[in-house]
Amino acid sequence: MLTKTKSDEIKTQKDSTTGSYWITTFGCQMNKADSERMAGTLEKMGYTRADNELNADLVLYNTCTIRDNAEQKVYSFLGRQAKRKHKTPRLKLVVAGCLAQQEGESLLRRVPELDLVMGPQHVNNLENLLGKVDLGNQVVATEETFISEDITSARRESSICGWVNIIYGCNERCSYCVVPSVRGKEQSRYPNAIKSEIQKLADDNFKEITLLGQNIDAYGRDLPGTTKEGRKENTLTDLLYYIHDVKGIRRIRFATSHPRYFSKRLIQACYELDKVCEHFHIPFQSGNDEILKQMSRGYSIKKYKNIIENIRSLMPDASITADAIVAFPGETEKQYQDTLKLISEIGFDQVNTAAYSARPNTPAAVWTNQLSEEVKKARLQEINDLVEKTARSRNQRYIDNIESVLIEGLNPKNSSQIMGRTRTNRLTFVEIPKNINFNFSLGDEINVRINEARPFSLTGELSL
């Protein structure tokens, strides 16, 4: 950990008074979960949530570095806050997350107004780090460390659906990905600690949990113990069986899965366990074996298709979503077309797409066969058009179906509708009946007859 005494021109008043805070989160679900935990820590310290970042006494950016445009957004936000700090010296400015881990002390040189730079492994240490800031220091916390148990009381954004981290970090070495260098090695939480957190959520009337990990089906590889069959004693499959009996929790989801570890045993567990939802997010990244090899993904298209076939053999209506990268270095037109072909063949419910973006300290970033921005833009547009077309077609299967929808709130764009999600994770809007006395609470499950399908959402009416 680096601790520096601030120079006079950027020194914050030496004052431990709290005030208000604002957190802006960039990136993935893991970052969202981390932000909830940091918000909980700040409120435990006495901070209150500001109505906007311009009124906050502490501004925290929880950052992403998976693509360059995410980084540039952060620097744009920081520039505005740096100017504000010269007018409001007591402002505390914090950068957390993957960009903080990647850049470390160099962030202080680029933005000397910063008070604290902290990587993802230090989320649970926020209070101690801010204590050092209150003593008049600039602090950089990016050293690799054992992640302290997740005992913070998160300030959950939802009162119904809760994130639960079960494994931190990533041991994979995909040639394009910066995550292992910024999130560190895999660290699995112990099953009893995970179950205790889920029980706390159930006690607080949460109805749905999503288990989180960079490669969630790698859970338990670093934990001790093996079975007499020679497999690891604590796997994601074992964890699902272990937590399934927590009373009050109705739905269990997990993300993100790696095809390399997605086993038949896991699929069988998802089929047998009533609370586990029929929604699987399994990135394929490319539809071409040679590109997958260059990406160091560790599986073939044949293996990926077998996973999907095994899921659909037991759960034919399961929702399958994925991630894909186009314009990877050296990707030919034919290799790119293989990706489009896979999307059409599988029939994904949704695919998160991105054009390849070179990231620091990754092998692919220095390859000489980078594709042009024009090719990236064209391929990204074409794949997005196909994804939307496929998703629209897939959603047609819901028309006239009666689906169970977990109510999450009112539609913010239409107060005459409530919204929630199906077990297959389809966002669903439901017209509030006017001709009957219909009382509902957040977390209720209602039966909805679907009468309209768009690419990424459904609309329906209450089925009595």
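The backbone N, Cα and C atoms fix where each Cβ goes, and this holds for glycine too.
Among the features that Swiss-Prot reports, [4Fe-4S] cluster 1 binding site is placed at Cys28, Cys64, Cys98. Per Swiss-Prot, the feature [4Fe-4S] cluster 2 binding site maps to Cys170, Cys174, Cys177; the stated evidence is sequence analysis. The feature domain 'MTTase N-terminal' is assigned by Swiss-Prot to 19-135, with sequence analysis given as support. The domain 'Radical SAM core' annotation in Swiss-Prot covers 156-394 and is backed by sequence analysis. Annotated domain 'TRAM' per Swiss-Prot: 396-464, in sequence order.
A map of Swiss-Prot features onto the structure.
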residue	record	CB count, 10 Å
Cys28	[4Fe-4S] cluster 1 binding site	18
Cys64	[4Fe-4S] cluster 1 binding site	22
Cys98	[4Fe-4S] cluster 1 binding site	26
Cys170	[4Fe-4S] cluster 2 binding site	21
Cys174	[4Fe-4S] cluster 2 binding site	20
Cys177	[4Fe-4S] cluster 2 binding site	22
Helix-strand-coil residue split for the domain 'TRAM' (396-464), DSSP-based = 3 helix, 37 strand, 29 coil
Message = From the DSSP assignment alone, can you count helix, strand and coil residues within the domain 'MTTase N-terminal' (19-135)?
response = 65 helix, 23 strand, 29 coil
Query = In Å, rounded, how far does the Cα of Cys174 ([4Fe-4S] cluster 2 binding site) sit from the Cα of Cys98 ([4Fe-4S] cluster 1 binding site)?
reply = 17
Task = Would you list, in sequence order, the residues of this chain other than Cys170, Cys174, Cys177 that have their CB within 8 A of the centroid of the site's CB atoms, where the site is the one recorded for [4Fe-4S] cluster 2?
result = Glu172, Arg173, Tyr176, Val178, Val179, Pro180, Gln214
Query = Using Cα coordinates, what distance in whole Å links Cys170 ([4Fe-4S] cluster 2 binding site) and Cys28 ([4Fe-4S] cluster 1 binding site)?
reply = 14
Environment of Cys28, Cys64, Cys98, the listed [4Fe-4S] cluster 1 site - residues of the same chain whose CB lies within 8 A of the CB centroid = Phe26, Gly27, Met30, Asn31, Thr63, Thr65, Ile66, Ala70, Gly97, Leu99, Val179
